[in-house]
Amino acid sequence: MGQAVKRESGMDAEVPAQLRRRGMAAATSGAGRCRLSKVGAGRRPPPARVRVAVRLRPFVDGTAGENDTPCVRGLDSCSLEIANWRNHQETLKYQFDAFYGERSSQQDIYAGSVQPILRHLLEGQNASVLAYGPTGAGKTHTMLGSPEQPGVIPRALMDLLQLTREEGAEGRPWALSVTMSYLEIYQEKVLDLLDPASGDLVIREDCRGNILIPGLTQKPITSFADFERHFLPASQNRTVGATRLNQRSSRSHAVLLVKVDQRERLAPFRQREGKLYLIDLAGSEDNRRTGNKGLRLKESGAINTSLFVLGKVVDALNQGLPRVPYRDSKLTRLLQDSLGGSAHSILIANIAPERRFYLDTVSALNFAARSKEVINRPFTNESLQLHVLASVKLSQKELLGPSEAKRARGPEEEEIGSPEPPAAPASASQKLSPLQKLSSMDPAMLERLLSLDRLLGSQGSQGTPLLSTPRRERMVLMKTVEEKNLEIERLKMKQKELEAKVLAQEATDPKEKENCSPIMLRPLGRRTVTVAKPLKKAVVMPLQLIQEQAASPNAEIHILKRKGGKRKLESLDASESEEKANDCWELQISPELLTQGRQKILDLLNKGSARDLRSLQRIGQKKAQLIVGWRELHGPFSQVEDLGRVEGMSGKHMESFLKANILGLAAGLRCHPS
């Protein structure tokens, strides 16, 4: 046990060696995804370890009873000790980045651990704050607080909005905007708290490795009042429930996402994006102590499963495994940037001092100790603005420098003469005056370039004018623009002439307006259509009927054939080969066959056994027994329609029953007449 204490207390001393040992693994798991979007592709982002702070809440009743003494004691501002459950005479010591005792205030925790990471958002980097711990340890109080003691979320938003107002003021190089989103993960479903009707959302990953949620509501905020107007109603939508340990226990993981967008006002018009994740995790629960049943038990299972996957992710990062199970849970998928990714992460582990929470406290401290070894690689999310990329599309001539342009010019252009000697120095507006004729340049961009050129020109010889190109190149550029403008004007005139011709033609010949068009299309060639040969029809007849047909060639044959998508029973001569199709179903039976068929069915109903009755269509074992029993009670059937009283058949059902059985019996009537 002494070795375990020594290993835990010396954890910080081993961090540099662990950084070197697991550098490649951390880069593969999280930071390797950042290559496409980081500034300076040749430089690797420096590592940043996950910082861990532990907060010990006071006793719930304010005093420690004799039977419930505290099991945790703080040693200094960074370390604590807890009793060893195997040997009460020994203690386990833990060392973290910060430890806040029972008397620590909300301001102490915010100023000591959270406030320093806000400046990274203005640099275009990501940051995250996670509150972890068992249920009833004070996670929600740490993140939200109360009106008298606001927590991390309101304090961070207040300071962040103040920073953005100062950095985005007039005259500053960057324009800043802030948006917020609020969601919860409830039973592995991502729900938008700002728009609860949106349903379960999906988590995606873009080409640069950034985690995003399509369809998530984003609300712009400019002041703390705007934040409260959106956040307070959304907080009421979060799922909470009562347990034995907490009357308002969080039944889901809540994530507040604050995004800071920065746009540069002057060239080169860069843009940056920083995201702040403020996460209130649901606490792990022991259902034997919380008394969860039914829905609460199901919620507890989902919470514990996601926290178990979170522990697996931390272990995989620490061991340098090739696969990190981020996708095993919605929570870890969303925290992919915070653990082993590209964010400055702070983990606030909340623990309880009561001895009855001893196992939960030890579990939370062990998870915090493992999380302290996770390495992130934050980088700056910076790119050029889209409208600048669209407006600054230069041709190949404009991209050539003076030496390349000189080599590209032909011998005729070289004989024009040397450029004029440089004139006396002029103001910035006079230097740029020939280029103001460029119609392709955005006026706002031109104004910014002029102001920047004047600013650089006021510095004397040290400043270099932005657009001080040689005279010959300016003349070539202006000539190209004028040619393009003349070409556009010529095309416009040609279009107007064509429109005038069309209008004149319509006015002189109005009758042909419907049949003629300004542009006559060449008619398409005829395509020969081959008609498919009619399919041969197969007629299936009983053997007795075929023999009788051979004996009497003038006899009629009754067949059932398909015509035009419908079926039809017709009476045909043996010599006929085909007939026109009909549009409906028709049953044509000679009166003789109809009478004989009905008589045979009636004889079967009156004299046949249950086995004989089953030979009729739509008569099974139960119906046959029912008919035999009805016949014994009421006597023989007088007509076939009496069967409807036995089975409760309607008129349509009786008609279909007769047709089906008469057709089945028709084949044997001629050879075996009744």
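Residue positions begin at 1 at the first shown residue.
The backbone N, Cα and C atoms fix where each Cβ goes, glycine too.
Unlike curated records, TrEMBL annotations are generated automatically.
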Of 481-508, 593-620, 621-648, the range TrEMBL tags as coiled coil is 481-508
Counting every protein chain shown, other Cβ atoms within 10 Å of the Cβ of THR140 (ATP binding site) number 22
If you tally other C-beta atoms within 10 angstroms for each of the binding-site residues GLY133, PRO134, GLY136, GLY138, the top scorer is GLY133
So THR135 (ATP binding site), by the Cβ count within 10 Å over all chains shown, scores 23
Averaging the pLDDT values of the domain 'Kinesin motor' (49-374) gives 89
